[in-house]
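Per TrEMBL, the features are:
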TRANSMEM  5-22  transmembrane segment
TRANSMEM  28-47  transmembrane segment
TRANSMEM  54-75  transmembrane segment
TRANSMEM  81-106  transmembrane segment
TRANSMEM  113-135  transmembrane segment
TRANSMEM  155-176  transmembrane segment
TRANSMEM  188-206  transmembrane segment
TRANSMEM  254-275  transmembrane segment
TRANSMEM  309-329  transmembrane segment
TRANSMEM  335-353  transmembrane segment
TRANSMEM  360-376  transmembrane segment
TRANSMEM  407-424  transmembrane segment
Amino acid sequence: MTQRVALLYGLMGLVLIMVGLYQSWNVAFGIFNLCVISAVMALGVNMQWGYAGLFNVGVMGFTALGGLTAVLVSMPPVTEAWAVAGGDIALSVLSLVATVAAIIFARRTVPRALRLPVTLVLLVAGYFVIGYFFGPATDAIEAIDPALSGYLGGAGLPVVLAWPIGGLVAAGAGWFIGRIALGLRADYLAIATLGIAEIIIAVIKYEEWLSRGVKNVTGIPRPVPYEINLVEQDWFIGLANFFGAADIADAAGLFVKLCYAALFITVLAIIMWFAERALRSPWGRMMRAIRDNRDAAAAMGKNVKARHLQTFVLGCFTCGVAGAMLTTLEGQLTPTSYIPLRFTFLVWVMVILGGSGNNWGAVLGGFIIWFLWVQAEPFGNWFMATITWPLGEDSDLAQHLVGGAAYMRYLMMGTILLVVMRFAPKGLIPER
């Protein structure tokens, strides 16, 4: 780690300490935990763009898959739903597998002239067979106590297991999408990944039997203690008194955030270690050679498409892990919260600000941008109140400006992006 990197990280740490001193330590560690998750997302995008030059603007979709996996792994199963429609769901899955297998077999054995009509016939037949079982099954599931349930539930496993599993689910989706889309040019790849991400969000949002849709899944189990339980524990009360905590409830909230921070830092450290090892290995040098001149790399015998697919899958895995961590921290799955601004544009700004192709830069960018995103609203309120003070509280213009202070964050992000691309196009920590 160079002096520049150490200085930048030290300044970021100092800013968080100032938040703890002048606002509260609960606020500081709340921001810190979200900064760590944002840094993991930025690492995933950096693997794709910084290593291989893949312009993926579907980050939102892979993050959402990680969040959905947290629900499917950790929530208890709804036994009544499985009893009513589990058999039909299983038959739907078997019908889907049989349809896909029949199409693959037909395309390998049927003469070329008949492949298209046979494929279409199999698709139509499979659609009706699957729909025969699937439609009534989902209707029956969604009719079971729709206010509180109305979905299949999950596997009831520890939520921490959902983090690597969420990464694997996102990686599987990335492999399937990459097989189709990675042959496209950069701008077309961006359009394709954005469209696919919107499809993923639409499925999560409207397939209530799977994710409760817009009704949200709440009460996702935690990997850390609950505050209400901590305040009743003698050992915690003694610990809080030892550190001179004035409010036991605030101390419990801080302890929970510290537990989350320990888990998230561990995950970030593991991913960072693997990312650095990969970047410094012969594989990493090969990926950068492909990124800089894919034609020359192909001429040297490198399988460019296979290496692109490999990197794309790794980046999707990392974003899936981050999505599962975020859903765990929030304790709920809210499909409507997955918007491109938060889960795609903002992550790209993190990578660009920190330094594309540099893992330390991506992590730093994740911390800086999320901190500014969170603090922009209170700063905007103060700034607008200051500049409108001469106008008086009754001024319509002053009220309008103060009321729009929350939107300062959008102006701030755009300004940061423009300034960085003009004066530091390689980021705060350029690629070495």
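Using the three backbone atoms N, Cα and C, a Cβ is placed for every residue, glycine included.
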Three or more CB pairs closer than 8 Å, sequence separation of 6 or more: does that hold for the transmembrane segment (155-176) against the transmembrane segment (5-22)?
no
Does the transmembrane segment (407-424) come close to the transmembrane segment (28-47), meaning at least 3 CB pairs under 8 Å for residues 6 or more apart?
no
What residues elsewhere in the chain lie close to the transmembrane segment (54-75), defined as a C-beta under 8 angstroms and at least 6 residues from its ends?
41, 44-45, 48, 153-159, 161-163, 165-167, 169-170, 173-174, 177, 182, 186-187, 189-190, 192-201, 204, 210-211, 217, 219-221, 308, 311-312, 315-316, 319-328, 333, 335, 338-340, 342-344, 347-348
Quick check: do the transmembrane segment (5-22) and the transmembrane segment (335-353) share at least 3 Cβ pairs under 8 Å, counting only pairs 6+ apart in sequence?
no
Hey, would you say the transmembrane segment (113-135) packs against the transmembrane segment (254-275), going by three or more CB pairs under 8 A that are 6+ residues apart?
no
Which residues of the same chain, at least 6 past either end of the transmembrane segment (407-424), have a Cβ under 8 Å from a Cβ in it?
345-346, 349, 352-353, 369, 372-373, 376-377, 379-380, 383-384
Spatial neighbours of the transmembrane segment (254-275) far in sequence, C-beta under 8 Å, 6+ residues away:
25-26, 29-30, 32-33, 36-37, 39-40, 43, 46-47, 160, 163, 223-227, 230, 236, 239, 318, 321, 325, 329, 359, 363
Determine which residues of the chain contact the transmembrane segment (335-353) at the Cβ level, with the cut-off under 8 Å and only residues 6 or more beyond its ends counted.
38-39, 41-42, 45-46, 49-50, 57-60, 63-64, 67, 194, 197, 201, 204-205, 211, 213-214, 216, 361-362, 365-366, 368-370, 373, 413, 416-417, 420-421, 427-428
